[in-house]
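As recorded in Swiss-Prot, the features of this protein are as follows:
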REPEAT    94-129  repeat 'PPR 1'
REPEAT    165-199  repeat 'PPR 3'
REPEAT    200-234  repeat 'PPR 4'
REPEAT    236-270  repeat 'PPR 5'
REPEAT    412-446  repeat 'PPR 10'
REPEAT    476-510  repeat 'PPR 11'
REPEAT    651-685  repeat 'PPR 16'
REPEAT    721-755  repeat 'PPR 18'
REPEAT    759-789  repeat 'PPR 19'
REPEAT    793-827  repeat 'PPR 20'
REPEAT    828-858  repeat 'PPR 21'
REPEAT    930-964  repeat 'PPR 24'
Amino acid sequence: MLKAKALCYRFFKSRKATTCALSSELFPSTSAAVFSAASGDHRSRCLSLIVKLGRRGLLDSAREVIRRVIDGSSSISEAALVADFAVDNGIELDSSCYGALIRKLTEMGQPGVAETFYNQRVIGNGIVPDSSVLDSMVFCLVKLRRFDEARAHLDRIIASGYAPSRNSSSLVVDELCNQDRFLEAFHCFEQVKERGSGLWLWCCKRLFKGLCGHGHLNEAIGMLDTLCGMTRMPLPVNLYKSLFYCFCKRGCAAEAEALFDHMEVDGYYVDKVMYTCLMKEYCKDNNMTMAMRLYLRMVERSFELDPCIFNTLIHGFMKLGMLDKGRVMFSQMIKKGVQSNVFTYHIMIGSYCKEGNVDYALRLFVNNTGSEDISRNVHCYTNLIFGFYKKGGMDKAVDLLMRMLDNGIVPDHITYFVLLKMLPKCHELKYAMVILQSILDNGCGINPPVIDDLGNIEVKVESLLGEIARKDANLAAVGLAVVTTALCSQRNYIAALSRIEKMVNLGCTPLPFSYNSVIKCLFQENIIEDLASLVNIIQELDFVPDVDTYLIVVNELCKKNDRDAAFAIIDAMEELGLRPTVAIYSSIIGSLGKQGRVVEAEETFAKMLESGIQPDEIAYMIMINTYARNGRIDEANELVEEVVKHFLRPSSFTYTVLISGFVKMGMMEKGCQYLDKMLEDGLSPNVVLYTALIGHFLKKGDFKFSFTLFGLMGENDIKHDHIAYITLLSGLWRAMARKKKRQVIVEPGKEKLLQRLIRTKPLVSIPSSLGNYGSKSFAMEVIGKVKKSIIPNLYLHNTIITGYCAAGRLDEAYNHLESMQKEGIVPNLVTYTILMKSHIEAGDIESAIDLFEGTNCEPDQVMYSTLLKGLCDFKRPLDALALMLEMQKSGINPNKDSYEKLLQCLCYSRLTMEAVKVVKDMAALDIWPRSINHTWLIYILCEEKKLREARALFAIMVQSGRSLLNCTKPGLLKMLNQNQQL
């Protein structure tokens, strides 16, 4: 090592090399030493050739020989002696020689010495490095782990129009692959290829596999010709498989099968894993015909069938609502001697619960004959718990939950998520503490501490989480997901972020579920306003978003009507090799449909199909609703027929949407046809369908028929849930609030609908008092029955309070509020807004103000608007103006009705300048006052000789495309023209 450095030092010294011919007398003495150190006759002849070429003035040829000798040197000392020999013989080294020396030093494990040589002898002597030197420095800098500098040198070579060597190009591409920067690596490959160079085969293979593994399908296909040209034979089987799995990952099942067949033609064996993977893709695309064809092909070829194959097919059928076919595959599985496992039962139990057949799902759970004990599987329990809850069996759901915990099963964050849906709000941290105690007890084997005092519950939850983290990092990640969900449901994202940071410091890797909860909360709190702020937060959190993250982001962006940003998310996913899900497209289509942008919704639906993403039932239903909502009945009907054809047997969800949709569109006959098909398929109308129909007929004023349907639910053993009660009560309260009784809109065909819904029992009797549905006594009677029938949640409590208020029973409303709070249910903004509105209608504005100021909640637009309108009704314009300013400081603008009410109040009070400012505020928000209020204000301004302001308002009216009211227009124009000066 010291000898090598000493020899290299000779080149670092600043010395001028002569270019004149040296005397022949000097040659023997110099050459003798060199020849004595030479390794053989070949090297001696090369050195002699260098001298001869130098003497003849053929310096470029001499330097080429020098470069080749350096490249062929077996040690640093040999390379250094050759270079020294050349300089001593008057041949100055050029860039190619310097490049060869740098490369040789690096190859021999001296990249640091090579860099020093480059800095002193090349840069230090003012030599502009050419492509040869830069190419060698790429090699050197990669070895020094200074990749950015190496990449910059390679870019300089390419920019100068030269071709980098395969070595340097392959090193840079390899390092990019090490950093998972496969798209950059492919771009580098393309640039090098364009310059006439390339990569080594090993590097091409690595890049190809990386592109395939990360879903960059187009780029991987772009490399195929290069790989085939390099191998000059069929692709190796591992590259075939990489491309095959890439096709599957991107949802290109047809292309994957074509490659699949090509492999078999080339004589490669296609294994069971590849068959199963392709089958899974066909199932994802709802193409069960092709999936079954693959299954039969596997049977023909005598593959050993395993649970994964059957689970894939069962899940495919169950997902489409084809439960009978799924059950047939389950029977085939048992018949062929393949043992079902926990995933088999998880799929089947989840599917039957989703379809509402929870009793059969429970029988499967209890009587399972699989190879694994599913009675200890948390996912099966969670599906059953949620299934019973959805069906209205709250007691059964709670019993199952307690049995699960008592049996020592460790709950997870999904269990907690279901728990939040089941139990009253505002106790999220208490529920989280129960789950954490179970994780500590059942998962970590540690008896949790008994917590009697629930004060400062956040500290206790954090203590439990810390105990779990010290015992098991994986369970700690689950516990963290539970806690972040609890905190985010309370909008406490700061505490959630703090918990994540602390757990990371304890060595816990948070689940994506934790980050996704925080991302959603940040959107809801308007912390994330655009994509730039989203990117910053993701970078700060240092996590890789998954598909669920992108779905949350798209949903929140669509709620803000920022569809351009939502489409940008899809583009970003595709660039990263991620395939946007059908749920992401459905969210955008639904948002467009609500805005009446049907053409754009159609284009998005078409784009989804072009991307190879097959719509599921929900996507079809969203598109059908978009057509129906916007009066495109023919298109809706065509799509309905396509759904029925495509899904063979639609699910209960699909039938529910179709039947209720046709009834709402007034197409009762069509609704009855699909109800018949639903019954023929063995599916029963569920609580969702009944509730939708009840809501529709209530809006039409047909209370008798609505109550008939409500009673029929009980006769058909369909338990009324919270939403059914809320729908019924809300319809009654709307009727009571109307000044004039609404005429019942008779819809032909409803009796046919009723007859189909009646099964075996006689029609339920209708209460005699139903005709007096608008009376206060009837309202109290209904509320009493509801309170006896179901344990209300917060939303039903609010509906009941609305009923008391509508009946003028404020005292009873407050009594109900008090009992609700004793049950541990915390009132929300809606509760207080209902009471405020009732006080205002009762003529008690002061109590409404006290309620507004006494609430601990941050007011929203509805609460502000309710009080603002009340102040205007009580002719308190200055208080109303002050409230509007408070709203605007909070970042909330009044809605159009509130602005109109305030404008009327200000005009009535002759506060014209304040009214002018309100109109200008409205115009800035693209809200235009009604012509009557606008005209009234202009008239008052003219009367007060404030013609400048009157003309300004007149200009705003013209800008909005409206005109003054005809009754006052001539007089107003005359007054405006009396003074021409603005």
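Glycine too: its Cβ is placed from the backbone N, Cα and C atoms.
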Mean of pLDDT values spanning the repeat 'PPR 19' (759-789): 61
Within the repeat 'PPR 5' (236-270), residues counted as helix, strand or coil by DSSP: 26 helix, 0 strand, 9 coil
For the repeat 'PPR 10' (412-446): best-contacting stretch of 200-234, 236-270, 476-510, by Cβ pairs under 8 Å: 476-510
Per-state residue totals over the repeat 'PPR 20' (793-827) - DSSP helix, strand, coil: 26 helix, 0 strand, 9 coil
Residue counts (helix, strand, coil, in that order) that DSSP gives for the repeat 'PPR 1' (94-129): 26 helix, 0 strand, 10 coil
Residue numbers, six or more beyond the limits of the repeat 'PPR 3' (165-199), whose CB comes under 8 Å of its CB atoms: 135-136, 138-139, 142, 147, 150-151, 154, 157-158, 206-207, 210-211, 214, 216, 219, 222-223, 226, 575
Intrachain neighbours beyond the repeat 'PPR 4' (200-234), with Cβ under 8 angstroms and 6 or more residues off its ends: 166-167, 169-170, 173-174, 177, 180, 182-183, 185-186, 189-190, 193, 242-243, 245-247, 249-250, 252, 266, 268, 576-579
Beyond the flanks of the repeat 'PPR 20' (793-827) by 6 or more, those residues with Cβ under 8 Å of it: 424-427, 722, 725-726, 729-730, 732-733, 736-737, 776, 779-780, 782-783, 786-787, 834-835, 837-839, 841-842
Counts by DSSP class (helix H/G/I, strand E/B, coil) across the repeat 'PPR 4' (200-234): 27 helix, 0 strand, 8 coil
